[in-house]
Amino acid sequence: MKYCTESLILILAVIGCISAAINFKCPKGTAEEKHQKEIYDLVQRINRPLIPQFKEPNFPTSFLIKGKDPKEFFQAIGHLPKKEVFSLFDERHWDEAMTAYEYLYEAETLDDFIDIAKILYLHLNEDMFYYVFSFAVLYRKDTRNVRLPQVHDVYPDKFLKTDIINKIKQANYQGKQHPVIDATKEFHDLRNPVSYLHYFLEDIGMNSHHYHWHVMNSALRKAYPTEGEKKFYRKGELFYHMHHQMLNRYELERLSNGLPRCPTFENWDDPIAEGYASHLAVDRTGYRYTFRPDNLHVRDLPELTKDNMRVWRDRIFDAATSCSVLRENGSFVKICRTRFYGGLNILGNLIESNLRSINRMFYGNIHCYAHVIAARVTDPDGKYGQGNGVMYDVATSARDPLFYQWHKFLDHFFYEHLTKLPTNHLFHLQNPDVSITNLEIISNGRKNEIHTFWENDIMEISKGHSFTLNSDAKVKIQHLQHEKFEIHLTVQNDKGEDTDLFVRIFLLPLEDEESHELSLEEMVRMAVDIEKRVIPAKPGSNDIVISSRSIGAPANKFFGSFEERYISEDCNFHSHCGWPNYLLVPKGSSQGTPFAFVVMLTLAEDDFTPNMDDTCFCADSWSHCGSLFIQYPENVEMGFPFQPIIECTKEEFFALPNIAKQEVIIKFTGETKDSPLVIQLENDS
């Protein structure tokens, strides 16, 4: 346990800083040092096979006083074998995971919570345990000051390919201390054009974000009577918005690399044209994520046929286009009566098939089983005992190009629904009190040109994994990065008083892969939400500068050691959900790819919930991740002003005084630079 203890001293000091530095208005965590130590020690055991087991604690007295039966407890858990991968997409895992979560969430005290967690750890699949434990820590009020390692800290072998894991293991066998392994080399093949997108598809930060989004916005969360009801009021819409944004970022990377827009996988009798090999395995268990060759066909599963999914598809399409959703009691709810987001939320819950779906029996589980049926395409009935593909696991699914093809199919339901809503006319979009008189993007002294490049970074893997038995390891990885840029706005406030403005910043493509100009509809359907924030404006002219470094989750949230990652002056609470800052803009091309920054201003009093306590939501990326304990802070559609459909021409839209467009060139330099972590490592060696 020495390797846990050394790390623990530092992390407890950091957590103490966090607790002292913030005066929470949101629920303030009450975990003391002893609780934090026990929680951290418990998580450190996950995916580390040689840590000695602890004695199973007795059930808490409060558990027994409430009349809960330990026999029922043990009957409800332990069904998913220890060596399997837990899948949030596989409904067969839901009952066990949900039961475990409820035991944790409803524990009366922190001591009870920890005792129940220890019991669960000994009997639950470890993968499932990490998910439900993270979920409970996130939403219990008394654990608000507890930090857990991120999924790539706990399962680095779900993010690093087997050849890298084997090199780490070999270095450990040879007795090397603190080995540094180079994982910056990428394999590309002209026969597989998507291999040139692996820098995005297999990015550690992006895949970690996707996993933790599904923790923060879990499909398993029921409607609890207090904070849960507020928090999940717009969960279905957020499911659509975040995955729509992931799809759009992928589209921009395809355009940057001269590839056509992402195809839609909608005819399930057609072969899956693009294969995918992840080269991933969970080293401790030997579980390998199955390779999918090109042109395989989706086949029926023993528990689910394609015809079942077609029935669900047709029912959801009818609900989206008829504006009428069937409840379980046989009545209908209308979802197209107003411009606002209620219908998107109901539809999103239906499509994700989460526990807030109005009628899961009728509308089924199309999103989750799209993942499952795709993941089991090589061995659908288990005849050969093959593992599942990466689409099965939330931590790995966004690596597969099929993920985006499936989500583009699901995206179509939402688009059809949006076409049935009252459109956004010019009077919905304009605001007579504010205007933008100038917009410029400044990067390294250049106007309206942003350079991107490769950046080497360090992922640290702690001691105790099956491949780091004798020493921790550092892995040099490579990710996309951009030069720092600033968004310079000149804003005219004609309200006659100090005013808070709500600023929305988007990045839009201007041309397709063949350099043809895109229509307004095509542009806005691929719009990427860069930032939303409140800015103060005095009467008259205001010069406002927004730095790219203040947007999204910084690289040091993902890389370096877990302990050092949280030594910062900003002791804000982190849910681990947040789009990586280094992926803020697409790669662009060597000759330069044209895009447009679009900025819209409205009054914060109209569009943003006032008197918000920003410790309640993920300050890094609330637009993508939502909020903790409170309602989503934006008061209109999450995709506004591009949702619902805009009823005007391109010229009319960009001529609105409170909207500004600035064309920019994003140019990939081909350079490779070292991050501060790499520079520090080289200086220390």
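Note: Cβ is positioned from N, Cα and C throughout, glycine not excepted.
Database features (Swiss-Prot):
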type     : residues               : note
SIGNAL   : 1-20                   : signal peptide
BINDING  : HIS210, HIS214, HIS243 : Cu cation A binding site
CARBOHYD : ASN329                 : N-linked glycosylation site
BINDING  : HIS367, HIS371, HIS407 : Cu cation B binding site
DISULFID : CYS577-CYS625          : disulfide bond
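The structure, with features from Swiss-Prot marked on it.
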{"residue": "HIS210", "record": "Cu cation A binding site", "contacts (Cβ under 8 Å, 6+ apart)": "MET246, VAL394, ALA395, SER397, ALA398"}
{"residue": "HIS214", "record": "Cu cation A binding site", "contacts (Cβ under 8 Å, 6+ apart)": "LEU88, VAL394"}
{"residue": "HIS243", "record": "Cu cation A binding site", "contacts (Cβ under 8 Å, 6+ apart)": "HIS407, LEU410, ASP411"}
{"residue": "ASN329", "record": "N-linked glycosylation site", "contacts (Cβ under 8 Å, 6+ apart)": "none"}
{"residue": "HIS367", "record": "Cu cation B binding site", "contacts (Cβ under 8 Å, 6+ apart)": "PHE89, ILE351, GLU352, SER353, LEU410"}
{"residue": "HIS371", "record": "Cu cation B binding site", "contacts (Cβ under 8 Å, 6+ apart)": "SER87, PHE89, MET391, TYR392, SER397, TRP406"}
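Counting every protein chain shown, 25 other Cβ atoms lie within 10 Å of the Cβ of CYS625 (disulfide bond). In the three-state DSSP reading, CYS577 (disulfide bond) counts as coil.
Each of HIS209, TYR211, TRP213, MET242, MET246, VAL394, SER397, ALA398 belongs to the same chain as HIS210, HIS214, HIS243, is absent from that list, and has a C-beta within 8 angstroms of the C-beta centroid marking the Cu cation A site. The Cβ centroid of HIS367, HIS371, HIS407 marks the Cu cation B site; residues of that chain outside this set whose Cβ lies within 8 Å of it are PHE89, HIS243, CYS368, ALA370, SER397, PHE403, TRP406, LEU410, given in sequence order. Within 10 Å of the Cβ of CYS577 (disulfide bond) there are 27 other Cβ atoms, across all protein chains.
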